[in-house]
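Asks: Take this structure first; my questions come after.
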Amino acid sequence: MTTETGPDSEVKKAQEETPQQPEAAAAVTTPVTPAGHSHPETNSNEKHLTQQDTRPAEQSLDMDDKDYSEADGLSERTTPSKAQKSPQKIAKKFKSAICRVTLLDASEYECEVEKHGRGQVLFDLVCEHLNLLEKDYFGLTFCDADSQKNWLDPSKEIKKQIRSSPWNFAFTVKFYPPDPAQLTEDITRYYLCLQLRADIITGRLPCSFVTHALLGSYAVQAELGDYDAEEHVGNYVSELRFAPNQTRELEERIMELHKTYRGMTPGEAEIHFLENAKKLSMYGVDLHHAKDSEGIDIMLGVCANGLLIYRDRLRINRFAWPKILKISYKRSNFYIKIRPGEYEQFESTIGFKLPNHRSAKRLWKVCIEHHTFFRLVSPEPPPKGFLVMGSKFRYSGRTQAQTRQASALIDRPAPFFERSSSKRYTMSRSLDGAEFSRPASVSENHDAGPEGDKREDDAESGGRRSEAEEGEVRTPTKIKELKPEQETTPRHKQEFLDKPEDVLLKHQASINELKRTLKEPNSKLIHRDRDWDRERRLPSSPASPSPKGTPEKASERAGLREGSEEKVKPPRPRAPESDMGDEDQDQERDAVFLKDNHLAIERKCSSITVSSTSSLEAEVDFTVIGDYHGGAFEDFSRSLPELDRDKSDSETEGLVFAQDLKGPSSQEDESGGLEDSPDRGACSTPEMPQFESVKAETMTVSSLAIRKKIEPEAMLQSRVSAADSTQVDGGTPMVKDFMTTPPCITTETISTTMENSLKSGKGAAAMIPGPQTVATEIRSLSPIIGKDVLTSTYGATAETLSTSTTTHVTKTVKGGFSETRIEKRIIITGDEDVDQDQALALAIKEAKLQHPDMLVTKAVVYRETDPSPEERDKKPQES
């Protein structure tokens with residue numbers, strides 16, 4: 001390399017300075033040219049040109065794209081006077097590129113952008129075309145050579161980000177708002193609804209059948225308006241897409257719900273749509289393929305709350321943003337440094353293997369952007385300095401806090417936009433047999449793995465809260481429609497209407513679910529109801545439970561709270577006893593009182609939002625429901641004078657209700673494995689060892705006995721029988737019944753079980769089965785609270801069926817984070833045929849309702865027709 005001196009160098013300096021000034025002037029006159037672009041590249045490129053004049057041919061390849069003043073510098077060595085013509089040549093050489101953007105309604109928008117324009121220029125043009133002001137939740141995506149989705153960086157030149165010749169982009173939601181109700185404008189919610197509908201159809205957002213129907217009905221109401229019998233004839237929703245695997249049954253359910261939304265505006269329908277969609281477990285989760293340290297395929301999901309880890313479509317861990325100290329990547333490895341826990345001294349680093357370096361960087365960028373947008377008040381400035389280790393990338397847009405402040409300042413009339421009859425997701429797109437898909441620039445290839453498989457498993461493992469949403473996704477309109485079907489006293493009606501709105505929605509959803517089941521002609525519940533009625537009419541069973549205590553609701557929904565008691569209130573005229581009406585009224589009053597106390601607990605619980613894996617303590621205790629206070633239990637004692645007299649030796653001050661998170665059926669049977677309750681509690685204590693395995697095995701006392709449980713969220717109904725002062729009727733046991741043929745109940749007493757599982761797991765009351773005709777009460781002093789705990793067993797006698805349940809809970813702790821696996825084995829034996837499909841469905845539904853934050857990953861059914869040797873030996877003895 002040579003250094004030039006003398007007058008020639010001065011001429012060159014003049015040549016270098018003169019082209020820069022016109023170029024800067026051209027940048028000002030062209031609105032899409034980014035400011036400050038010409039200086040760094042011009043200086044560096046010109047340095048190469050002045051020092052290496054022997055390579056003009058090599059440099060000429062980049063002239064069109066990088067700097068157009070360089071050619072002038074070469075031609076002006078002998079004739080500097082020609083420099084005056086260079087500005088005209090520069091203005092002509094500035095080229096523009098055609099950008100095609102696929103919008104959320106599948107339409108295309110074309111615009112012309114200067115070739116050196118930054119991503120923000122194109123994004124602003126698209127938002128202006130859409131008349132969108134709350135644009136910080138959205139972004140533009142493009143596909144690279146590997147067909148991977150990438151976010152367009154608004155602070156960098158488009159030309160440096162997209163290498164392919166056609167500039168195709170997709171306008172999508174980048175940050176899903178945790179509470180869509182906080183969006184200011186209807187048009188913003190409309191585009192968010194379009195994005196969620198695309199997510200549902202492509203399988204990225206799994207839903208249950210009930211959720212598909214509900215969200216689909218709101219989408220129809222928003223686009224078609226009120227149901228019109230003349231206009232909407234036949235299957236008028238068959239042309240629209242609502243689910244990956246759409247069935248005729250789903251379309252009929254959507255039309256049935258659509259008819260009930262008369263008077264609901266499109267904006268209100270979209271709000272209801274978003275309020276239900278945000279509860280889905282995969283809402284706003286951006287998935288990326290990865291492998292853990294052992295080489296097992298996993299998925300890393302980034303959302304507003306943190307980083308989620310999925311394996312085999314099951315979420316196995318969650319790292320909340322406050323728990324993460326540092327996010328980094330090196331080559332194809334992605335690392336997160338975890339804040340030490342309460343009992344740890346050092347930080348721990350967890351590494352994941354990504355497919356390649358680009359994937360690791362892409363995931364790192366997504367994490368940086370989500371953390372900055374949702375957690376920080378203002379974006380962090382990029383690091384400054386000549387030598388900076390690592391990437392300088394930082395999120396440069398507005399944070400959610402800044403977006404809300406800006407949205408509050410929006411002062412314009414609501415923009416007009418047309419919700420056209422949906423041509424976006426129509427069945428005609430799949431007439432060729434291919435499944436519907438958005439354009440290639442929109443499809444998210446890095447997250448299509450497990451979610452594609454989830455479409456087949458929606459009924460079982462579509463989402464951790466999909467079943468729980470069935471009790472939350474109804475609207476007041478539906479309540480008005482079905483309210484005349486409920487026969488209640490005026491006093492009870494007023495109490496019911498005083499409940500909060502969420503309780504009303506849960507109540508209505510429970511009734512709707514139960515009604516659909518009871519309408520089936522082959523429903524086992526109808527036969528069971530008849531058996532209970534027959535037992536009630538028998539004179540030999542004066543203390544048999546009334547229809548309100550039947551297990552028909554228990555076998556249908558464990559989430560059925562006060563709604564189950566409402567459903568079966570109509571009196572049965574077949575009862576011959578003259579005093580049955582008085583007993584029903586007493587039962588009703590007691591049940592109403594107990595229901596009110598329980599609802600207070602549920603309202604208290606609904607405000608507890610604890611992450612199951614954000615820390616060790618949170619995961620262990622995230623299912624604590626609440627507790628009764630002394631006043632509530634005193635009223636409970638007054639409503640049960642017989643029990644109050646029996647407990648005179650020690651006054652019970654409080655009763656703690658807790659849901660045992662570790663064993664979904666360890667609470668279920670009280671006949672065996674009862675001494676394991678301290679072990680079961682130890683599994684819930686924060687001071688747990690690194691690995692614990694808890695096994696609670698319960699066996700029946702005889703082939704005639706079936707032990708059942710009452711879950712903590714069950715609505716308790718109790719009454720005192722005049723025939724026996726120690727007999728207490730069990731109310732509505734909210735468990736799934738694993739028998740398909742209803743047993744004929746012959747016992748005279750069903751005792752109520754209230755299992756106490758304290759938050760720390762210590763001092764749980766032991767359950768000792770007493771005689772089947774007498775309720776056995778046990779009091780155990782809690783070392784934590786210092787209160788007596790009232791417990792009793794619940795026994796029922798069947799004729800020919802017996803059930804054995806084995807629960808195996810494995811909890812592995814690694815680095816302060818735990819992984820819980822629950823295996824449950826249910827054996828049903830008896831002479832009568834058992835409908836294994838019914839039993840399996842009930843078992844899965846019970847497991848989901850007990851553990852809404854966990855997924856059912858595997859269900860295996862074995863059927864043996866021959867009876868076991870023990871049963872052969874027992875049958876002669878029973879006869």
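Positions of Cβ are set from backbone N, Cα and C atoms, glycine also.
Quick paste from Swiss-Prot:
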COMPBIAS  17-35  compositional bias 'Low complexity'
MOD_RES   T30  phosphothreonine
COMPBIAS  38-50  compositional bias 'Basic and acidic residues'
MOD_RES   S75  phosphoserine
COMPBIAS  76-87  compositional bias 'Polar residues'
MOD_RES   T79  phosphothreonine
DOMAIN    97-378  domain 'FERM'
MOD_RES   Y343  phosphotyrosine
MOD_RES   S378  phosphoserine
REGION    381-482  region 'Hydrophilic'
MOD_RES   S430  phosphoserine
COMPBIAS  444-501  compositional bias 'Basic and acidic residues'
MOD_RES   S466  phosphoserine
MOD_RES   T475  phosphothreonine
REGION    483-541  region 'Spectrin--actin-binding'
COMPBIAS  514-538  compositional bias 'Basic and acidic residues'
MOD_RES   S541  phosphoserine
MOD_RES   S544  phosphoserine
COMPBIAS  550-577  compositional bias 'Basic and acidic residues'
MOD_RES   S639  phosphoserine
MOD_RES   S868  phosphoserine
Asks: If one measures from the C-alpha of S378 (phosphoserine) to the C-alpha of the residue listed as 'phosphotyrosine', what distance in angstrom results, rounded to a whole number?
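Replies: The residue listed as 'phosphotyrosine' has its Cα 33 Å from the Cα of S378 (phosphoserine).
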Asks: What three-state secondary structure does DSSP assign to S378 (phosphoserine)?
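Replies: Assignment for S378 (phosphoserine) reads coil.
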Asks: Going by DSSP, is the residue listed as 'phosphotyrosine' part of a helix, a strand, or coil?
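Replies: SS state of the residue listed as 'phosphotyrosine' = coil.
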Asks: Around the residue listed as 'phosphotyrosine', how many other CB atoms lie within 10 A of its CB?
Replies: 10
